[in-house]
Each structure stands twice: as C-alpha cells, then as structure tokens.
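**Student:** Let me begin by handing over the structure; questions about it come next.
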Amino acid sequence: MMSLPPQKKARIVVDLTKDSSSQKDSVEVRPAWHPLRTVRIPAAGNEHAVGFRDIVVVGKIEWAVVSNFMIDAKWLLSVWPEARDVPRVVIFSGDGRHNYPPNFDVYDRNPKQYGYRYGCHHAKFLILKFRDHLRVAVTTANFIRVDFHEKSQGAWMQDFPVGNAGSDFEDSLCDYLDQLAKWPVREGPWGPSLSQAVREFDFSKATAHLVPTVPGRHEGATMRKYGHVRVRHLEKEGGAHLVVQFSSMASTKGQYKKQLETSFGGGPMKIVWPTARDVRTSVGGYSHGRSLPSKHQDVEALRDHLHKWAGSPSPFVAARAAASPHLKTVSRLTDDRVAWSFLGSQNISRCAWGELQKGDTQLYCQHWELGVLVTANSLGVDRLVTTDQLSATSANRVSSLGVVPLPFPASPAIKYDHFDRPWVATKEGKTPVDYDDLPDDYGAINVMQCAESFYDCTAPAEERCGRPLVDRAIC
C-alpha cells in the first residue's frame, strides 16, 4: 500500500480498546520516524513506511544538499529524475564517484586524506529548499538500490517554515553544515552561506534533537556538540534497559564500552545483532551479510550482551525479520515506554561516536555522522512507545502517543540462546563454521559466492549472486 508523505500523516488515530463490548477509546499516534519500504516482505512490515520518492517528490525544489557514504548516481537519477532540473544540487560524499550531471557540485569529505586513519564520510541526509519551506531528512540508507529496497532502514524527516525563532536544532544543524562546508579549508562556493540560507527557516518545532559527529579533537564546550557526549548532555531521563542495534561490529569492549554506556544513561548494553540464520534466510541472503561487517573476536567479546534480531510476535516486527538490518538505533526503555530513542548513521565505534581521551577532556572523532534523538517531549506526545508496546497501552491514560518503529524485539529484548550463532563476515569472507553450512535462497553458501566487491550492492540480490530467486513462503 502506498504511504502518504509524512506531513500528511500528522494524525493517525487508532483504537486501543481491547474489549469490543466496551466504549471505544482512541488516541492520536505520531511516528517518531518511518521505516523505509522493503520488497518481498509481508505487508505488515511496510506499515507507515516511505520510499525515496516520498522524501524528495513534494514540490519544486530550488536547491538541494545530498550527503551520504555511498551514492550510486545512476540509481539516484532513475528514482529522482527531477534532480536534473534542480538549479543546484550539492553532493557531500567520500566514495570518490563523480559521474553526476552538470548541475551537481560534488565535494569530497573523506577524512582519510587529511590524516584520520579510520575516517570516512558516513552521514546520510538531504536538505531540500522549496519556495516556502525547508525539508530536512536524516536516513540510515546509502543512496543505492539495495539499501532502499531490500533492507531494514529508517528515515526521519520534517518540513520547516520560513522564520527565525532560533533553536538548539538550528544551531546544531548550522554548526554541522559550517564544519562540513569549510572543513578542511578548500575551494567551494558554499562556505558559511549554506548555514546562512538554512537560518532563514524556523526550527523551533523540530520533533527531534540532532546528534552529529565531526572529525577532530574536540575540547571544552565543543565536546558537547558531537558524538556520544552530545547524547550525554541532551538527555537525563533514563530507563531500565539500554538497547543498541547497529550494522557494523567494531571493538567496543572494556573502557570504551563503559564510555558509551555512561553517555547513554548507564549500562549494561543489550546489543541486537542478527544470527547467521537471520542473514541466510533474509530477502538478500548471504549478499546482505557483506553490509554487516564483523570480526569473530569482536563478536565473541560481546557474546553475553547479544540479543536477537528476530523473534517478536508483533506483525510489524515479525515481517521485518526477513529484511536484514542496516539502520542504527540506540534506545532507553522501560517495560511500557521509551525514554528516548536515537536513529542515525552512527555504528557503535570509536570513530563514529568519538572517544574520550586525556582524562575525559578531549573527544576524538574520525567520522562524519548524523542522527536524531527523539523523546516524548520533542515529538509533542504524552508517551513514546515501541510498536510492541503500542498494543499494551491503555487509551484512558494518554491522549497522544509517539511510536518508535524498532524492527526487532526491544520490549523486551530477547537474549541469545546458547545455540544461536551470531553473524560474522569480513571483506575476505569466513570459513563455513561462521555460517549455517546451508545455502541461501540464491544457492550461495557464503558471502564469497555473492558480490565480488564488498560494496557491489547496486543490483538486485538475484543478480549479485548470479542465481535465480527461489520462492519462499514469506514472499
């Protein structure tokens, strides 16, 4: 079913009465963000989902800023041909691909070329300027076919009217754009004028807080602008459970894990990570495992913290199990509500979230990243809940709810059983012991039989694996 653009779904009224014989109560429900529409999963998994055109095709665009880690220009223009007619499109990327139309200005922001050994430009967002408003969209998907069609992703977006009320959201966004446009100092016509253009709009009713990461060694008050220290200073409210989920397993043990847990309100972390079976039986099979990079020692070091990607009875979450995760989320929850929830490009790593150094007086970051943190207060609702918690919420206690569509069991999270085998895959591939020793739906028995390149993810799964799709019951 085709979803309407988010601004037309501001009010979704649902019945929360369980007893059909009693008087029906209803409550206004607002999505904290939207899942991206995915192919070959049950319809329940695409409830309130959006596609790329829902984000960009909403009127005549005067200029656009496009940022991502990977951008397939051919695919982008196939789903957004109107971009050729936008007077100016500015691309911030780091993948070195420059096959864009003449109206696209491309700026390479890969930190590696400036001495950040593990740096990358990973932030995924769009800023679209219309005649009377500005749209900001933050997503977890690369601008490539497989990310927008086959995986579990998320997108937050909001339209902002012309105005100058001033807000934390505006200051954070403009600071990030200033850093992006002039870091490091090099040629380019934007400079500070990009943030000046953005400041013409009113962000005072933003439904989320921005959480950026900027490469550098940040000290003093600047530390509070970025990474996990930004989260530490944004939210004081906690919850009984800290549930984190990401798509790249880096080393997060020891002191650094404690840093993150402190900034996120206290540990221990419950880490949601797919099993080998989850990847094998996913829409893309083992080919999707290539975008879940991990090392055996890093996964095993966190084994006691691992929780399942699949296993919820919720129709939405159950349907999403077949679409491998690429979104990144951090949430603090109690049994019946969400204290706060983050969605963005940041995987759990020192490079993405930053690492406190020198007695916690310096935050060292190596990536460009961007995400949003949503609370009940920022969304303007009485309570924030997961999709699982929604059905258990009584309408006589609230008049409005915000729903965080986490596509995995989170309330409660389901701990790995002793026989569950976490997914492990590096660029070089792994031995069969890291898999189920069974072929996926395309006949592949490991990731090495799929795409030749780690980033060759622009074709459908059946083309990447070179085998016809085998029908499955979930289709």
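Every residue gets a Cβ built from N, Cα and C, even glycine.
What TrEMBL records for H122 is active site, nucleophile. Annotation comment: TrEMBL describes H326 as active site, proton donor/acceptor. Annotation source TrEMBL lists substrate binding site at K124, K328. Among the features that TrEMBL reports, site 'Interaction with DNA' is placed at S349.
Help me picture these features in the structure, burial and contacts included.
**Tutor:** For H122 (active site, nucleophile), other Cβ atoms within 10 Å of its Cβ number 26. Look at H122 (active site, nucleophile): DSSP puts it in coil.
For H326 (active site, proton donor/acceptor), the same-chain residues 6+ apart in sequence whose C-beta sits under 8 angstroms from its C-beta are T140, A141, D147, K151, S152, Q153, S247, S291.
The 10 Å shell around the Cβ of K328 (substrate binding site) contains 23 further Cβ atoms across the protein chains shown. For the recorded site, K328 (substrate binding site), the DSSP three-state label reads strand.
A 10 Å cutoff on Cβ-Cβ distances gives S349 (site 'Interaction with DNA') a total of 21 other Cβ atoms nearby, all chains included.
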**Student:** Taking the Cβ of K124 (substrate binding site) as centre, how many other Cβ atoms lie within 10 Å?
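**Tutor:** By my count, 27.
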**Student:** Secondary structure at S349 (site 'Interaction with DNA') (DSSP, helix/strand/coil)?
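**Tutor:** In the DSSP reduction, S349 (site 'Interaction with DNA') maps to coil.
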**Student:** Roughly how many angstrom lie between the C-alpha atoms of S349 (site 'Interaction with DNA') and K328 (substrate binding site)?
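**Tutor:** Roughly 12 Å, rounded to the nearest whole number.
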